[in-house]
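Colleague: According to TrEMBL, the record shows the following:
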- C:R40, C:R46: NADP(+) binding site (BINDING)
- C:R119, C:A120, C:S121, C:G287, C:K302, C:P303, C:I304, C:P305, C:T306, C:R328: FMN binding site (BINDING)
Protein chains: 4
Amino acid sequence: MLRFLTAGESHGQGLVVILEGMPAGIEVNEEELSKELSRRRKGYGRGARANIEKDDFSIVSGVLNGKTTGAPICVLIPNKDYENWKGKYVPIYAPRPGHADFPGMIKYGFEDCRPIAERASARETAARVACGYFAKKLLQKEGIKIFSWVVSIGEIEANLPPIEERMSKVDVVEKLFQLAELSEVRCPNLEDSERMKKLIDQAKEKGDTLGGIFEVAVVGVPVGLGSHVHWDRRLDARLAASIMSIPGVKGVEIGLGFQLAKLFGSEAHDPIQKPKRPTNKAGGIEGGISNGEIIFIRAAMKPIPTLANPLPSIDVRNDQPCPAHVERSDVCAVGSAAVVAEAMVALVLADALLEVKGGDRW
Amino acid sequence: MLRFLTAGESHGQGLVVILEGMPAGIEVNEEELSKELSRRRKGYGRGARANIEKDDFSIVSGVLNGKTTGAPICVLIPNKDYENWKGKYVPIYAPRPGHADFPGMIKYGFEDCRPIAERASARETAARVACGYFAKKLLQKEGIKIFSWVVSIGEIEANLPPIEERMSKVDVVEKLFQLAELSEVRCPNLEDSERMKKLIDQAKEKGDTLGGIFEVAVVGVPVGLGSHVHWDRRLDARLAASIMSIPGVKGVEIGLGFQLAKLFGSEAHDPIQKPKRPTNKAGGIEGGISNGEIIFIRAAMKPIPTLANPLPSIDVRNDQPCPAHVERSDVCAVGSAAVVAEAMVALVLADALLEVKGGDRW
Amino acid sequence: MLRFLTAGESHGQGLVVILEGMPAGIEVNEEELSKELSRRRKGYGRGARANIEKDDFSIVSGVLNGKTTGAPICVLIPNKDYENWKGKYVPIYAPRPGHADFPGMIKYGFEDCRPIAERASARETAARVACGYFAKKLLQKEGIKIFSWVVSIGEIEANLPPIEERMSKVDVVEKLFQLAELSEVRCPNLEDSERMKKLIDQAKEKGDTLGGIFEVAVVGVPVGLGSHVHWDRRLDARLAASIMSIPGVKGVEIGLGFQLAKLFGSEAHDPIQKPKRPTNKAGGIEGGISNGEIIFIRAAMKPIPTLANPLPSIDVRNDQPCPAHVERSDVCAVGSAAVVAEAMVALVLADALLEVKGGDRW
Amino acid sequence: MLRFLTAGESHGQGLVVILEGMPAGIEVNEEELSKELSRRRKGYGRGARANIEKDDFSIVSGVLNGKTTGAPICVLIPNKDYENWKGKYVPIYAPRPGHADFPGMIKYGFEDCRPIAERASARETAARVACGYFAKKLLQKEGIKIFSWVVSIGEIEANLPPIEERMSKVDVVEKLFQLAELSEVRCPNLEDSERMKKLIDQAKEKGDTLGGIFEVAVVGVPVGLGSHVHWDRRLDARLAASIMSIPGVKGVEIGLGFQLAKLFGSEAHDPIQKPKRPTNKAGGIEGGISNGEIIFIRAAMKPIPTLANPLPSIDVRNDQPCPAHVERSDVCAVGSAAVVAEAMVALVLADALLEVKGGDRW
């Protein structure tokens, strides 16, 4: 069983993750991990912070001579900005709507939202990406690969191959991924990427923010991950939790998702044929179990809740109306969320794979 | 911490659930539990089975003199049909597309799909509803109530108050629920209910099946359930898993869900105002924490995968094409799924509430 | 991962256990399970209850045609005595020292101890034994066998081969087990068994009770169960919890246990030699990992806290001194506890084995 | 629910612990934490390493302005020695009997034992002590205090007040603790401490090692921590696991432990009286629940398995006999283990307390 805990605050000393349960013998290297971290960081619409972040990390434990040892893996990502913040305390009295600020402050009994905002920062997801890197490497040994791309930013939907192809054809998936890697907004249609960037520019100008929709596709998954036998062992349930846990995500679909609700049964399912099923509307999961097809997940991310042109809020000291707190933030981070989703999916699948295959060394 | 395990097969001796972690002192009664079970069972489009199911249950443990004792609660729901099935074995050689049949058989190494089909049956959800009843009673003590209704069956979308009202107004929620309780398809628009029933009739006639979309609304939730501090403590993540674990569910949204991805930040968030926030687009959860508004969840259920007019499949003995197995089944069970969703949501919220309030006796 | 929950009260409808996580394909049969239950039940010093218990059970789910299916296994053990107790309520106002009565009543907020006593009954361990049976069958497939015997009852210590042999020689272990199976007190020395029975007679006459010490030995364990990498994955930690969780157990040792604390390092460890290590003072576990030798556990059980000649207590209604409640009970149940320990050890080892080997079907 | 993961190797960059689930508002300070770490480190019989360790740590997250925030707490303890080890690799081909070396190497598939030895090092327990500090602070807010001392080293048993007093009298407990804090071997009898030190000197001279017995007493525990309702919620089971997980511990007792097995029921239990029970043979736990008396635990630690005068082992490259690997190590660390035990007990009790009281802020 894989377990991991992350720690760290936005302006604290750094982020830390401990991943427990990895078998020994998985080859890993720092360049790859660095690249993963930078894939999350980059992106049009990300703030100046994204560049400050571009920093060191260290694999503190669990890796020896380029291979996992079976011991807990710890990655430490120091915060380069820390020295500027050390000892400073900038309270947040006007909680940002859509953020953990308001409910968090009440829950934990603080008089301002700063302690909440520090931990609720999306920067925490860097720790998840670091953690997910190790899971990806384990999956790779079994030929399982994870891809993601952005299909829409705000109202702009990318012109892409139809969803039926995106979820069923390995070559389409690989092509979309390659293109997405080239795009500053992680959108595989590079023309639409430009339109999206313009929309982001406009939003920025207005002090506004944007969300969007991304997709994750997993290729090479064997039949049999997850199980129908108990609700909490269903692969779709675990994936849904892992995706919905990404800050800003408000919707998750497996396969055709909500579209399936409108179809008749005769239209909604994927005939079983040899050597290959003709469709993959189920998104690779039937009865909570991977069925050997591409696992296909869609997720909706709401716009970032920190607006330069702030939303109405209240001053928590007197309940009087005031504009919400403004803090340096991104305008759009859908592409980053997609990379985080890859990591979360990798962790869920690696855990499911270990359950099936067991193993102390791989 | 609440834990529960369910057991039982479709044509076995019965279903069993054990719920561990309930505090002592919660008043419960068998009539209410019976009613909950019947709410799941009934529904236009449910097969003859739904009537056979109408049966006894017993609370085997954990309740004394009408109150929980703190000990594990066990509910046993015997299968009235069992005597007819005892000792019989009807193999399934043609897995049903969309069902656990195919991946399950491979995963667990069976030569036919019967052992999978028996456990993957939606009948298992009766055990969850029994379990959820106790969670609902705990929540009731804190004034938390859970409601559900169906908004679409196949292509037919009910004409209802706008979603913005459904997710933000307690009186609307209560009214919709009352109407849904009167509808054979759990749809609060009784005219549309009739249209839905006709569509179900048509599907049945063609040997086809239907899915749909349902909504769950939770009223009276205090601020502070769930937490932003760790991904797996986020209330939205936990709810997403619990809903996605319901057989047939392929999509989950919190609040406006996918719609939020299209909006600008200035349109997507709910201003903080006293005494009441004007909107609830976030669906009652910000930063993974309940914010005191109505918790609002939408879910898409695909059509039932057992078709009387079966889909193409293969005979697993020789990989030759053949029609999928046909077994007595429902045509549409969206209303039932909504009731199961209430139970799952109740279990998640009760667990989160116990985390916050603790307590051996309530 | 194996999970199980038990439910049921002493005078309720029955006991239930659900075991989740068993792979498919393990052969099981009802006679063997029946025999396991009777091994726990029998024993000199067990009350009349032990005979009343001699009853039916049913495997409600998870088994088909004599093999596990991978689905949750539920065993129901109805309480034959239930009809006599139904509707009756005999309050317990004078908590029994040494029992959960007193702290349980306060914790759960009851006005008498009956609701506590019902669940705190050692009868619950029958559900564990039923559960452990399945774990034993899984272990058997890997050639792992679990044995237990009693080494002392009260002051009477059985004359047995030295502990160094009991923990290191398979033939000694097997012989002790065979003899223990013949003994009414589970003691492998049949002469000492008679002395123990006389002591039990004396205790019974005085309205007193007895405890004792038992040992569990596991043969055929592969190297590598458990792990040193995290405290809660250590096999010794997991075994200690499982043994200490048996009602009445107040001490647990692995290998030579407390004796090891007195030795020098040069005397305390087991030299590593091929083909076989000369000693097994560590009891088969080094660094929290099984090392291929016999796993050897000792446990101390205190005397049963329900005395016919009751201990001083108070009436919880007025805090006045009074004798503790008397309820039909056993005089000595060390042999039964040893059988329960076998089950708990089996569950821990099966879980550890699944972690290493994985697997949906065995 | 408290969760924690530790990471780090003996000669790696450092140790890390993440503790998740702490409520907000617990006052903590670095001096106290430093003192806790030094309490574990010091001790007669500890090697030179203990001084090298005397080092920095940082609270990376979860604490703001001297109070916990509810966010995961991370403590990083850098390894001062790291620069000397960086890049070096000293293989261990002769596994040390009694150590994880041998089973670990096989389990994880290494060709030498170095990767195992690095993680199996007792240095890992520093991370647990850091973690336990926060649990202690939470317990302190409820008036719960944890004490420990050493009662024997090798054959030398300290002359102390009788165990019945050590486990039942708060003033005795406090006095023993104060004295133990003054002793280099953590033994409250300072004369016997000198004898123990001499024994350690002798052992050292011979290249040998020593173990011993320590006790942990917890004062101020309310009635109701843990529960009888399920085996894995019993406080004694959880404590047993936590203690047995400490490297070298081979035996655990609650209350009178093994002594209880020899007594009649009339002698073994603690009469219930107001205002105070006359004895505490049960060690503060009845039926798996704290009963308001002192929680009293005894544990046996075997001698350290790394001997300067090494035990017989084999060379894993050719299975030929050879002396076991020798590495700088301690001669005796029973006092340190006692401090680690305090931490583990604190974590178990804090978790149990949170279960009962709940709470986001304390």
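Cβ from N, Cα, C; glycine included.
These figures come from a predicted structure and were not determined experimentally.
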Colleague: Taking the Cα atoms as reference points, how far is C:R119 (FMN binding site) from C:R46 (NADP(+) binding site) in Å?
Modeller: 19
Colleague: Drop a 10 Å sphere on every Cβ of the binding-site residues C:R40, C:R46, C:R119, C:K302 and tell me which sphere holds the fewest other Cβ atoms.
Modeller: C:R46
Colleague: Any idea what the Cα distance is from C:R40 (NADP(+) binding site) over to C:S121 (FMN binding site), rounded to a whole Å?
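Modeller: The Cα atom of C:R40 (NADP(+) binding site) is 14 Å away from the Cα atom of C:S121 (FMN binding site).
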Colleague: How big is the Cα-to-Cα gap, in Å, between C:R46 (NADP(+) binding site) and C:I304 (FMN binding site)?
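Modeller: Approximately 11 Å lies between the Cα of C:R46 (NADP(+) binding site) and that of C:I304 (FMN binding site).
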Colleague: Sub-8 Å Cβ contact with chain B: please pick out which of the binding-site residues C:R40, C:S121, C:K302 have it.
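Modeller: So none of them sit by chain B.
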Colleague: Can you list which of the binding-site residues C:R40, C:R46, C:R119, C:S121 come closer than 8 Å to chain D, going by CB to CB distance?
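Modeller: Near chain D, the qualifying binding-site residues are C:R119.
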Colleague: So for C:I304 (FMN binding site), how many other CB atoms are inside 10 Å of its CB?
Modeller: 28
Colleague: Taking the residues the record says bind FMN (C:R119, C:A120, C:S121, C:G287, C:K302, C:P303, C:I304, C:P305, C:T306, C:R328), how far apart in Å are the two Cα atoms that sit farthest from each other?
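Modeller: Overall maximum Cα spacing for these binding residues reaches 44 Å.
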Colleague: Give the number of CB atoms, excluding that of C:S121 (FMN binding site) itself, located within 10 Å of its CB.
Modeller: 24
Colleague: Run through the Cβ atoms and count how many others sit within 10 Å of the one on C:T306 (FMN binding site).
Modeller: 25
Colleague: Based on DSSP, name the secondary structure state of C:K302 (FMN binding site): helix, strand or coil.
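Modeller: Where C:K302 (FMN binding site) sits, the three-state DSSP reduction gives coil.
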